[in-house]
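Okay, structure first, notes after.
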Amino acid sequence: ATIHYTLGPEMILFLLFCSSEWSLGEPPAGEEQDKQNANSQLSTLFVEKPQTGSVKVGENITFIAKVKAEDLLRKPTIKWFKGKWMDLASKAGKHLQLKETFERHSRVYTFEMQIIQAKESYAGNYRCEVTYKDKFDSCTFDLEVHGKRVFFGDGQDDAGELDFSGLLKRREVKPQEEEPEVDVWELLKNANPSEYEKIAFQYGITDLRGMLKRLKRMRRVEKKSAAFAKILDPAYQVDKGGRVRFAVELADPKLEVKWYKNGQEIRPSTKYIFEHKGCERIMFINNCGLTDDSEYYVTAGDEKCSTELFVREPPVMVTKQLEDTNVSEDDANVKWFKNGEEIIPGPKSRYRIKVEGKKHILIIEGATKADSAEYSVMTTGGQSSAKLSVGLKPLKILTPLTDQTVHLGKEICLKCEISEYISGKWTKNGLPVQESDHLKIVHKGRIHKLVIANALIEDEGDYVFAPDAYPITLPAKVHVIDPPKIILDGLDADNTVTVIAGSKLRLEIPISGEPPPKAIWSRADKAIMEGSGRIRAESYPDSSTLVIDVAERDDSGVYHINLKNEAGEAHASIKIKVVDIPDPPVAPSVTDVGDDWCIMKWEPPAYDGGTPILGYFIERKKKQSSRWMRLNFDLCKETTFEPKKMIEGVAYEVRIFAVNAVGISKPSMPSKPFVPLAVTSPPTLLTVDSVTDTTVTMRWRPPDQIGAAGLDGYVLEYCFEGTDNWIVANTELIDKTKFTITGLPTDARIFVRVKAINAAGASEPKYYSQPILVKEIIEPPKIRIPRHLKQTYVRRVGEAVNLVIPFQGKPRPELTWKKDGAEIDKNQINIRNSETDTIIFIRKAERSHSGKYDLQVKVEKFMETASIDIQIIDRPGPPQVVKIEDVWGENVALSWIPPKDDGNAAITGYTIQKADKKSMEWFTVIEHYHRTSATISELVIGNEYYFRVFAENMCGLSEDATMTKESAVIAKDGKIYKNPVYEDFDFTEAPMFTQPLVNTYAVAGYNATLNCSVRGNPKPKITWMKNKVAIVDDPRYRMFSNQGVCTLEIRKPSPYDGGTYCCKAVNDLGTVEIECKLEVKVVAQ
């Protein structure tokens, strides 16, 4: 105990000695009885527990624990502990051996812990724990080593090597001095690895292994950062419930900084507070808990730096110090000592001893500083000690320091007066102040002064005067101020700034002043706010910036900047001029067209962009193409132009660009298409398709070159052999490439030709090379079965069947279809015939449509036949019966009978599922199984199961499954299972966002969506708001909510749709909101 006392006439020191009611080495009866009761409780795993034992120094002792393995399928896990926390498995060696054996006949595991050559320090409390899956059992026992008086009781709190010393159940608690804050992280970094466990126990570290992993990561050498002038410390430590401060210093204050915890971005809140001070970025974490013990990192640009936060639970401190000293007997012999020397009271001594029964008091008269020492008292049965500290004479402050606010360049004078003629020390922001030409320190008697003749910004801070030998400080704050100034040296004489429309303007104006002045930008008496708008202001300690993200014509005008701080105000005006490219001219007109040229004209654009038009560029392209070609590389000064070298018959379009000093305008609308016309080439491949006694049918291909004028149709002409009189066969243009000439005499011979017609006229004719005899020719029938129909055609029930079978034969053959030898029901199966093929069409196939289909094609006396096999399949029915054949151990044998209905396809396998009778949730255990019997294994002992089986063919699993009528009980030998009683679970929950909204950028004219996810029970009502105003019945917005995912769709947003959007979720248990910002950007065309 330490006693602080001020110099004075008399000081009294009294201590209290407590007498013991029980002898040393014997624990209290109540505690011993509690241990016996705890060890006598019914054990779930142990059949024999370790018992308390005693041993002499240097001898051996063995503790035995036995576990019955009759109900266990695997070996249990056992752990030996000394005290509450130290695992003895890591201490096995010369003095400690751990063994285990297994007796197969009795099925008993035997675990032994043998202590060899016991020492006195091995005495204490031990614990044995055994675990198996979800079962757990433990017991405690004591070890007594003879040769030293050993005390049992609170020894469980000890930790370290085996040389633990037992502690007294009742012992004298020595008052402890208040120790300064200890940084455990620094202790671990500088400590030997063998001392890690001792430090962890002393300072309450619960996750030593995780902390050592972080220590290994933190020892990596950090590379020098280009973004950070000062990075985070490797680690921080804070007590639970305390506040911690993270700070970094940026090399560039314009960089954006984001803070993260375990990879998740940290948002500002009452717990997390962010501050900006010049280049310094600070984050405070309030009310730290154990969940805040984590990894943190901060990003600036493409770089990041990380740190670790360790949250320490505060240690248990002694709050009540030793006050009085009592002894057990009234006439006890008590001696007092000062620094080990006995105090002998006498008539001339300043020490007096006062005895009041069992209380002994030491009185020191006229205490001085020399009386500071350690005093102790000793009896025949014990001793106690305390430290005495004698203080100085009280110091009075006659004139304290006062806070001062001075202008830059003025004098600073800090003055104080104290009651004693002693010297002192001056500090500024915690650092000693050094006297110089700039700073003077004056000491006259009891007056102390600090004088600065010419105040600078660096002189601002917290000043403290501390008198020597006294724990007293006199603080004062000095605040240096300077009127604000606006520096416009980088602008033109008339303060004009020119910016091109569509580009970003970042006008940075240097400013000065102390404290840093507040800058306000305005235009036409309307303030420009800081934030994320298109036109916004940004403030920095030494400058103020006006930002226009996408400059527009309407942004031109006069902008005002006002500075204000506590020292004064400043004002300036800046003119911003926005110039742009010209508007596109109107579409040009083509006034005249030749075979490879045209003449075009146009009008100048309505807006020249603020600067004169310098000329025009002209482009052309083919109508079917998207590639424009520049026609002039020198600006055309006139508003007329003559394009040349165009391809005849190709459609063209032309457009123009206006040019000024800023750039080239957007293109005008294309002109109307114009075509240098030309006739097509002759048709190709003129052939005879068919001939009858009175008709001839001709086929041909379109011309190879049609041209831009297109193709209007064809004209077919014929003439009889021996004449030159060509007769037009068609009265109107033929739009197809096939035509039949009718009304011809039988056995006549004719010549045929065809011409292509377009707007330019008729093409050259295409002739058939030889005369055609008008007489029908018989062609025997022939059926061409497709390759995929030569084998069985398989389709599922409900699918469409559409089969096309080509055939040949002239004249047009007769077709007959039969199914399985009978006529086809045309109400169920559609048959469509043409001159060259026949089609079988079934809209929704059924199993009754399966069978053999026969096709017969007949031309007069010639006949051809073919057959097609169609198989319509469906999913099979379930197995007929599923039985449980046998149950043994964790296994069940099943058997079943195949289904009656195989779905018109072979059974390919079976799927077997199981379900616990408690939950009746089905789980698949075997798939694609080919046999009709199976064994299900690895079932849980004590559960009751049902089983069901699905049949499977090439169409899939059967719709239903056949379930066992009885259940299979996996019995637990010698145990009776009692069904537990479960209380209804309360599923109600206040709304909570599981995925937040994020700030989003959208492109004008393209739909944008905002997404978040929320959960809650009852289902919360979702409300969307823009700028704190609810969105109701607005056709520009669509709102969706599916499975907790909330979506707001903004249709074709414009810049005016930007702002702050909020999603609000409400149910009976609470309300929650989340916000994000949407910025709509206009993309230049």
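Note that Cβ sites are derived from N, Cα and C of the backbone, with glycine treated the same way.
Listed in TrEMBL:
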DOMAIN    484-577  domain 'Ig-like'
DOMAIN    584-683  domain 'Fibronectin type-III'
DOMAIN    684-777  domain 'Fibronectin type-III'
DOMAIN    781-869  domain 'Ig-like'
DOMAIN    878-973  domain 'Fibronectin type-III'
DOMAIN    991-1079  domain 'Ig-like'
SIGNAL    1-25  signal peptide
Checklist outcome for this item: Per DSSP, the domain 'Ig-like' (781-869) contains 6 helix, 52 strand, 31 coil
Checklist outcome for this item: DSSP tally for the domain 'Fibronectin type-III' (878-973), helix/strand/coil in that order, comes to 0 helix, 51 strand, 45 coil
Checklist outcome for this item: Counting Cβ pairs closer than 8 Å to the domain 'Fibronectin type-III' (878-973), the top stretch among 484-577, 584-683, 684-777, 781-869 is 781-869
Checklist outcome for this item: The mean pLDDT across the domain 'Fibronectin type-III' (684-777) is 89
